[in-house]
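As recorded in Swiss-Prot:
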{"type": "ACT_SITE", "residues": "His107", "note": "active site, proton donor"}
{"type": "BINDING", "residues": "Ser93, Asn109, Val110, Arg111, Gly259, Gly260, Arg261", "note": "substrate binding site"}
{"type": "BINDING", "residues": "His97, His107, His146, His176", "note": "divalent metal cation binding site"}
{"type": "REGION", "residues": "241-276", "note": "region 'Important for dimerization'"}
{"type": "SITE", "residues": "His176", "note": "site 'Important for dimerization'"}
Amino acid sequence: MTTRTDAVKAYLLDLQDRICAALETEDGGTRFVEDAWTRPAGGGGRTRVIENGTVIEKGGVNFSHVFGSGLPPSASAHRPELAGRGFEALGVSLVIHPHNPHVPTSHANVRFFIAEKEGEEPVWWFGGGFDLTPYYGNEEDCIHWHRVAEKACAPFGPDVYPRYKAWCDTYFHIKHRHEPRGIGGLFFDDLNEWDFDTSFAFMRAIGDAYIDAYLPIVQRRKNDAFTARQREFQEFRRGRYVEFNLVYDRGTLFGLQSGGRTESILMSLPPQVRWAYDWKAEPGSEEARLTEYFLQDRDWLAQA
């Protein structure tokens, strides 16, 4: 490993530890179980899963560091000059599915790729972001989520938050449903326009911001009363989450195509989901308002 890779790996392992500790404290009912694994083709990771907690129905916080002699198609499709290069990929990826339908599902990911070829300069980039998927929308939560995102981006330039907010809205779009997965956040990939130190600092800022963005929402909503009907709607909307992850998500596709560990890759899927044929929300209901108001391209900071 290079010095750069060592530094990124040390940060990611520490980030995984800090996020797991914060989520365990907030849940208060159970702890993460760690499953350390190795990849026969090179590398390995630490998968940590929490299930049937007081607050969290299922969640996973995964660290992986994999390497190989050639990039899989999902990583080189839009960068054909990288075909045939050896690679290392490091990242932390997490998804939290709470019990309570009033608590949104959250996702975050930060990652580093480096691709090398003998006689040529290494090519590296960072990626990541975080996004929020509510089932029952709440303006206060949406504004808070985006304020934390904007604050994390601010030291790196005034255009960074709006650019990566827009990319998030575009990326987390379920094309066959013609709707977004959630209310967005930040998404960036192939980041190497700054020097390494600045790019790495930005990745750290995004990784560190996740807990500040998510925990206050959990704390506000985790004790809200909910009905069996609201729970059914949560499970119905989780189906959209599954559809996106299995059809479009780059991380899922990269993991499966590169021979990654299937259990770790699919830890993002919720434990209980339902599909109903041609289901429609009642006009004027909270369920209808989710898609009509919250799942729209919206400047949440302008709502404040």
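FYI, residue positions are counted from 1 along the chain as it appears here.
Positions of Cβ are set from backbone N, Cα and C atoms, glycine also.
Feature annotations (Swiss-Prot) mapped to structure.
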residue: Ser93; record: substrate binding site; contacts (Cβ under 8 Å, 6+ apart): Val61, Asn62, Ser64, His107, Ala108, Asn109, Arg111, Gly251, Ser268
residue: His97; record: divalent metal cation binding site; contacts (Cβ under 8 Å, 6+ apart): Ile56, Glu57, Lys58, Gly59, Thr105, Arg238, Pro270, Pro271
residue: Val110; record: substrate binding site; contacts (Cβ under 8 Å, 6+ apart): Leu12, Leu15, Gly91, Val92, Phe126, Gly127, Gly128, Met203, Arg204, Ile206, Gly207
residue: His146; record: divalent metal cation binding site; contacts (Cβ under 8 Å, 6+ apart): Lys165, Gly184, Gly185, Trp300, Leu301
residue: Gly259; record: substrate binding site; contacts (Cβ under 8 Å, 6+ apart): Arg39, Pro40, Ala41, Gly68
residue: Gly260; record: substrate binding site; contacts (Cβ under 8 Å, 6+ apart): Arg39, Ser64, Val66, Phe254
residue: Arg261; record: substrate binding site; contacts (Cβ under 8 Å, 6+ apart): Trp37, Arg39, Gly45, Thr47, Ser64, Gly255
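Of all the recorded positions given, namely His107, Arg111, the one with the smallest number of surrounding CB atoms inside 10 A is Arg111. Largest Cα-to-Cα span within the substrate-binding set Ser93, Asn109, Val110, Arg111, Gly259, Gly260, Arg261: 20 Å.
For His176 (divalent metal cation binding site), the same-chain residues that are 6 or more apart in sequence and have a Cβ closer than 8 Å to its Cβ are Glu243, Val247. Confidence annotation: the region 'Important for dimerization' (241-276) carries a mean pLDDT of 88 in the model. Helix first, then strand, then coil: DSSP counts for the region 'Important for dimerization' (241-276) stand at 22 helix, 0 strand, 14 coil.
Counted within 10 Å of its Cβ, the other Cβ atoms near Asn109 (substrate binding site) come to 23, all protein chains included. In this structure, Ser93 (substrate binding site) is part of a beta strand by DSSP.
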